[in-house]
Amino acid sequence: MGLSYGLFICFLLWAGTGLCYPPTTTEDKTHPSLPSSPSVVVECRHAWLVVNVSKNLFGTGRLVRPADLTLGPENCEPLISGDSDDTVRFEVELHKCGNSVQVTEDALVYSTFLLHNPRPMGNLSILRTNRAEVPIECRYPRHSNVSSEAILPTWVPFRTTMLSEEKLAFSLRLMEEDWGSEKQSPTFQLGDLAHLQAEVHTGRHIPLRLFVDYCVATLTPDQNASPHHTIVDFHGCLVDGLSDASSAFKAPRPRPETLQFTVDTFHFANDPRNMIYITCHLKVTPASRVPDQLNKACSFIKSSNRWFPVEGPADICNCCNKGSCGLQGRSWRLSHLDRPWHKMASRNRRHVTEEADITVGPLIFLGKAADRGVEGSTSPHTSVMVGIGLATVLSLTLATIVLGLARRHHTASRPMICPVSASQ
C-alpha cells in the first residue's frame, strides 16, 4: 500500500519537479573555462621590453606554436623554449624590432605589436587558428626615473630612436641685423658683422639643445682647403673673438634648439678672391643636460678679458684659454682630418642625422671706399672735383675767346672821322 501511494504521488508530479528523480549534471569537456591569468603579459623594463605569451593564447585549449609568433614590424623571433613550457618569451631592447616611439608632454611612449601568423604544418594546406595582432605599449615618465638606477631612461636609446622615428634637420643661415629674417643678399662691406643662425628642427623628439662645435672659413666649399681661418674651435670656443674682431655668441638664446652668433667679415691676405665660405659642425644634446666642456658656447669678452658661456657653469670655458677641452686635448680640425670627411652641403642645405657639417656661402665682400683710396685708386669724390675744375678752366677760356672776337668785330664796323684843316 505504501509503495502504491508513493508511485501515485510521483505520477501526479511528473512534470519534472525532480522530486522522484535527482537532477543529473553533465560536464562539458569540449569548451573548458577561460584561463584566469592573462594570455599576454608585458614587462616594461629600464631599456628592455619583455613579453610572455601563453601557448593557450586564445583560451580554447589549442596551443599555438612558438614559430608562429613574432614581435614588431621586423618580425623578431622569441627565445628558444621547450615543448613542455607553457609560455613563449620575448626579450628585446626598446628601440629594436621596429618599435615606434612618441614623445608626449609627460611620457615617452614605445609602441609595437605581437603577431600570431599561423602557417600550415607539413604538407597540409589548412589552418586551425586565426591570424591575430595584439598591440603592446610601454609608457615612461619623462621627468622621473623608471628604475632604481641613476640613469636617464629616455637617453639610453635616444640616438637609435631618433634615427628610426624622425631624423633631425640642421640648418645654418645668414640673417639680417635684427635676426628677424634671412639675409637676401650675400654681399658685405669689409669689417661688417655677419649674423649667423644655426638651428635644428626637432619634430616630436625630446627637447634638444644645439651647439656649434667647430667653424672654419675657407675660399672654397672644401673646409679642408688652404688657406683657412678657424672661427670656433675646441668644442664651442669662438676663438675668432680673441683677435681684434668682436665676434661672439648671442646670449641668451631665443630657443634651446637655436644658436646665434656674429662674425666680423674679413678676406684672406695675398689672395685676389673677395669671397669666403663658412662651414660649421653642429650637434645636439638633451635640453635637460647641463652644458660641459664638450658641449658649450663660449665667447671672449675683451672688457673683462675672460671667457663667458651662453649658459651653464662659467668654468666650462676655462679650457678655451688652454686650447684643450675634453679628453682628446686637441683642435677639432686636427682630429677631424684623421678620418674621411663627410659630404659637403651647399648654402642652406639641411642634413638629416644626429650631427651635421653645414656650409654657408659664398659671402662676397665689396670692400670700402677708404680701403680703395689707400690702395692708390682715385676715389669718386676726387674724380668729381677734378672734373669740375677742368670744366671751369675750359669755360673761362671759351668766354675769353668769344669776348675778344666780339670786340674786334665791333671795332672794324665803326666809321672813321678824320679832322680837316682849313687853309686860308
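Glycine is treated like the rest: Cβ placed from N, Cα and C.
Per Swiss-Prot, the feature signal peptide maps to 1-22; the stated evidence is similarity to another entry. Taken from Swiss-Prot, the feature topological domain 'Extracellular' covers 23-383, and the record attributes it to sequence analysis. Taken from Swiss-Prot, the feature domain 'ZP' covers 43-305, and the record attributes it to sequence analysis. Positions annotated as disulfide bond by Swiss-Prot, on the basis of similarity to another entry: C44-C138, C76-C97, C215-C280, C237-C298. The N-linked glycosylation site annotation in Swiss-Prot covers N52, N123, N145. Annotated O-linked glycosylation site per Swiss-Prot: T154, T160, T161, in sequence order, evidence recorded as similarity to another entry. According to Swiss-Prot, the transmembrane segment annotation covers 384-404. The annotation topological domain 'Cytoplasmic' is assigned in Swiss-Prot to 405-424 on the grounds of sequence analysis.
Feature annotations (Swiss-Prot) mapped to structure.
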residue	record	DSSP class
C44	disulfide bond	strand
N52	N-linked glycosylation site	strand
C76	disulfide bond	strand
C97	disulfide bond	coil
C138	disulfide bond	strand
C215	disulfide bond	strand
C237	disulfide bond	strand
C280	disulfide bond	strand
C298	disulfide bond	strand
(request) For the disulfide-bonded residues C44, C215, C280, C298, work out the Cβ neighbour count at 10 Å and name the residue with the minimum. (result) C44
(message) Can you check which residue among the disulfide-bonded residues C76, C97, C138, C237 has the largest number of Cβ atoms within 10 Å of its own?
(response) C237
(request) Can you figure out which of C76, C97, C138 (the disulfide-bonded residues) comes closest in space to C215 (disulfide bond), comparing Cα atoms? (result) C97
(message) I need the nearest neighbour of C44 (disulfide bond) among the recorded positions N52, C97, C237, C298, using C-alpha distances.
(response) N52
(message) Suppose we draw a 10 Å sphere around the Cβ of N52 (N-linked glycosylation site). How many other Cβ atoms does it contain, all chains included?
(response) 17
(request) Please tell me which one of the recorded positions listed here (N52, C76, C97) sits closest to C280 (disulfide bond), measuring Cα to Cα? (result) C97
(request) Using C-alpha atoms only, work out the spacing between C76 (disulfide bond) and C138 (disulfide bond) and round it to an integer in Å. (result) 17
